[in-house]
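TrEMBL has this to say about the protein:
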type   : residues : note
REPEAT : 37-71    : repeat 'PPR'
REPEAT : 170-200  : repeat 'PPR'
REPEAT : 201-235  : repeat 'PPR'
REPEAT : 303-337  : repeat 'PPR'
REPEAT : 338-373  : repeat 'PPR'
DOMAIN : 518-610  : domain 'DYW'
Amino acid sequence: MPIFHYIHQLKNCAKHHSIASTKQLHAHFNKLGLTQFIHLTNTLLNVYAKCNLLEDALQLFDEMPQRDHVSWATILTAQNQANLPNKTLSRFPSMFSLDRLLPDDFVFASLVKACGSLGAIKQGMQVHGNFLVSPFFDDDVVKSSLVDMYAKCGLPDNGRLVFDSIKSRNMASWTAMIYGYARKGRKEEALELFSMVPVKDLFAWTALISGLVQSGNAVDAFGLFVEMRRRGISIIDPLVLSSIVGASANLAMLELGKQVHGLVIRLGYESCVFISNALVDMYAKCSDILAAKDVFSRMSRRDVVSWTSMIIGAAQHGQAEEALSLYDKMVLNGVKPNEVTFVGLIYACSHVGLVNRGRELFKSMVEDHGIHPSLQHYTCLLDLLGRSGYLEEAETIINSMPFKPDEPTWAALLSACKQYGNGKMAIRFADHLLSLKPEEPSTYILLSNVYSSSGVWEHASKARHLLEALEVRKEPGYSYVYFGKESQTFYAGESSHPMKEEIFSLLNELGVEMKRRGYVPDTSWILHNTEHQEKERQLFWHSERLAVAYGLLKSVPGTIIRIVKNLRVCGDCHTVLKLISDIVKREIVVRDAKRYHHFKDGKCSCNDFW
């Protein structure tokens, strides 16, 4: 039978994804000795790749008596499509060492795509350099891949140089360039390029919207999404929906997220795994952990992102036992955890003092799953040890780990030293922390308090002066409260609100009851050199207190008050919110810059560690 007839049969197998027929033909070729015909073997290799049979493709590739550029382009593309870009880059060097072949345009495109997926900009630039001195230096397809790579690696100016050199630009190059600008927060340049794009299809809109979401411009992204809907752009691909769900999460606007969820259902995309994953994350970040659990429970298929999103959501909301139970179920379901999963798990352990379980998870991550601990893993482990009083063990780890501790790590340990009264160690940790020139105002307050309690007045004064310099340029503190479709933003010290008198009166009433219950304002959270009474006044006008009072005045009795704060909740406000939750018998949920606090019946889900 002629070779071309077998090739035709293989193409039919690929068309119908007929795995059994493909393997029968492969066995037949081996029996007849036809694998020496490279064109036939390349076709078989391509069928395996299209049928997602990567292991069979790799075995066939390794057994081929000779390979050409088509063979290499096919196997490298297959590895990229299987989300194994690191394997693509590690296999490539043998193209020359084994087969004495230099890359062609298809191979260059595969290599560039792998570098973009990994964010491997150094290797990507090396590939770009080799491309420029190759016979294919003017290939527009490779150039389009380079634009995409530079956009993903956060170098839009490099991408623009390549973009401007493309003779015939396809839509992929336009969308990559728009995304590159938007992702870096260069909104005006992204919009200008978007206005020039030949076809403003869904994918161009998605590039613009998703890039803006990733750069923190969620409000602008929502405006553009509304405009896209107004223009009647059909959502034939759900990626833009996952981006706009992410925007709802970033804004912590629960009502907005619910509306997007409704649109997802109407368009029939709720069964899409990555959309459901985004919804789980959104509800958790909008402080509605019950809604997150509901979405998760109704998912027919769950991947590692699904489980990890739910585990982290539970952990951040103080539900440590739930997070650990989810992990056990995840393993029983045969889903392999990733590095992010273990961050959530060890974090969960730290908030309930499960030291042995945390140690076991850290060990299992390395020994059972082959995951190399990152600084974030070490930070969570050190936080767990510090909170539980294992300060010597924590210091031993800090001195042996392969990373330099960052501000959150030192601050967590310093706070633990203060709690357990280990003054000598506290001073050592404080000196390390001060040398980093921290960016968090609360860190300077902690430093000043530690130095003051140890009589190191010079360093305490330095911390106060650094905080004053920081507050000149830092973002002002604000909180917003939302219920239903209404939201209201309050800035610290705000005195011009129309309901100022009602808010002031309610806070005074609550203050009287709090003091009757033993509350004493902790003015150590105010470092300015002012009178004690002025410090108390500044605490009184912290933005989260104004937001809570407004919420109590305006919301339906008995409903949860949800607040989002751009900075961390100070220690005194944390005490106040616990007391208020008990006095008014209302649950108050606060999402601050670091975590979630569920205040109810005088207690907080964070167990007073945040």
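Every residue gets a Cβ built from N, Cα and C, even glycine.
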Residue numbers, six or more beyond the limits of the repeat 'PPR' (303-337), whose CB comes under 8 Å of its CB atoms:
273-274, 276-277, 280-281, 283-285, 287, 289, 292-293, 296, 343-345, 347-349, 351-352, 354, 357, 365, 369, 595-596, 598, 604-607
Is it possible to list how many residues within the repeat 'PPR' (201-235) are helical, extended or coil according to DSSP?
26 helix, 0 strand, 9 coil
Taking every residue in the repeat 'PPR' (303-337), what is their average pLDDT?
95
The repeat 'PPR' (37-71) resolves under DSSP into 26 helix, 0 strand, 9 coil
